[in-house]
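According to Swiss-Prot, the features are:
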- LYS35: active site, proton acceptor (ACT_SITE)
- TYR260: active site, proton acceptor (ACT_SITE)
- ARG130, MET312: substrate binding site (BINDING)
- LYS35: N6-(pyridoxal phosphate)lysine (MOD_RES)
Amino acid sequence: MPRPIEALIHPDALAHNLLQARRHAGDAKLWAVIKANAYGHGIERVWPALLGADGLAMLDLDEAQRVRNLGWRGPVLLLEGCFEARDLELCSRLNLWHVVHHDDQIGWLAAHKTHQPHRVFLKMNSGMNRLGFTPQALRSAWVRLNALPQVDEISLMTHFSDADSPRPGADGIAAQVARFVEATHDLPGERSLSNSAAILRHCERAEVRADWVRSGILSYGSSPDHPQHDIGHWNLRPAMTLRSRLIATQQLQAGDSVGYGSRFVAQQPMRIGIVACGYADGYPRHAPGDTGNATPVLVDGLRTHTVGRVSMDMLAVDLSELPAAGVGSEVTLWGHGPHGSLLPIDAVAQAAGTIGYELMCALAQRVPTHVQDLEPR
């Protein structure tokens, strides 16, 4: 039989999370962000849930082609725009919307021979300092785009750096909103400002809600402002479960160590379980398993923690308080466990010093992945 590890993808959880985004976004239209193969979940696996969105947003043309091949006829937005001039031909053929965030992209459009005008989102850098025109340069970019016969409607967008929580001494999104509104107040076109954190925390304000919101990490059941708020606070459901089983147990005596580097040393007699999961499966090698500083897991739905260093194919967990656990017991690394138990990916990520996004996207190809709705149909 194969190794007992598997990932389960829950499309109905994603559909539920998109409904929560809509509840916060009011009358704004909803982009479901599916970059990085739907944050590691697999576009095709979550496809039924995506039908509840108004548009699909991603990064590359391959993913755009995939959703068109799946039958999506609604708006598709390339969040980083075109990477070279020849991308415009496929944008035209697939009827893709694309972001314009630098001068070269305007030049490519000006030289492009198209059968139909392009729908673009002109991006302003309001403080994130990754992509976009400065407030001072935005109007000139808009004028140049508006003069091109290759361009149809021009929408406007920006991206928040601190929507999850304000930096000390800063004012969250207020300064970025003010810059965007001042620079665009007399320009026509739809607007898109809100990412996941802004949808949940700030969309009661009409200028933040605007015309389109972009639901990213919240769609997949991770809280964008964890640890301030967990998924229960936002009524989100994990759309991915990573689970395995115990394949061995060991009885330790005081002074015995566990794993490479002997990072964990038993202070008293204890029992541990060995789980068929390691960093080659996408579990973080740096997840701590030290005394007083360990990473949570569920065994048969009951919470315990890792011990020792994560290996390529295995990790160890503390069974001291779980006398019924043994070989074959189910281990939930994150997501939904048995008997209604739950281990949010954010809790694992926080212990490992990372974020849920990274764990989702790091799921290894060798892990068998199946689609399983949470609710019976």
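The backbone N, Cα and C atoms fix where each Cβ goes, glycine too.
Since we're looking at a predicted model, the values are computed, not measured.
Mapped onto three states, the DSSP output places ARG130 (substrate binding site) in coil.
MET312 (substrate binding site) falls within neither a helix nor a strand when secondary structure is assigned with DSSP, and so counts as coil. The Cβ of TYR260 (active site, proton acceptor) lies under 8 Å from the Cβ of GLY308, ARG309, SER311, each on the same chain and at least six residues away in sequence.
Of all the recorded positions listed (LYS35, ARG130), LYS35 sits in the most crowded Cβ setting, with the most other Cβ atoms within 10 Å. Cβ-based neighbour count (10 Å, all protein chains) for MET312 (substrate binding site) stands at 12. MET312 (substrate binding site) sits 27 Å from LYS35 (active site, proton acceptor), taking the Cα positions as reference. The distance from the Cα of ARG130 (substrate binding site) to the Cα of LYS35 (active site, proton acceptor) comes to 17 Å.
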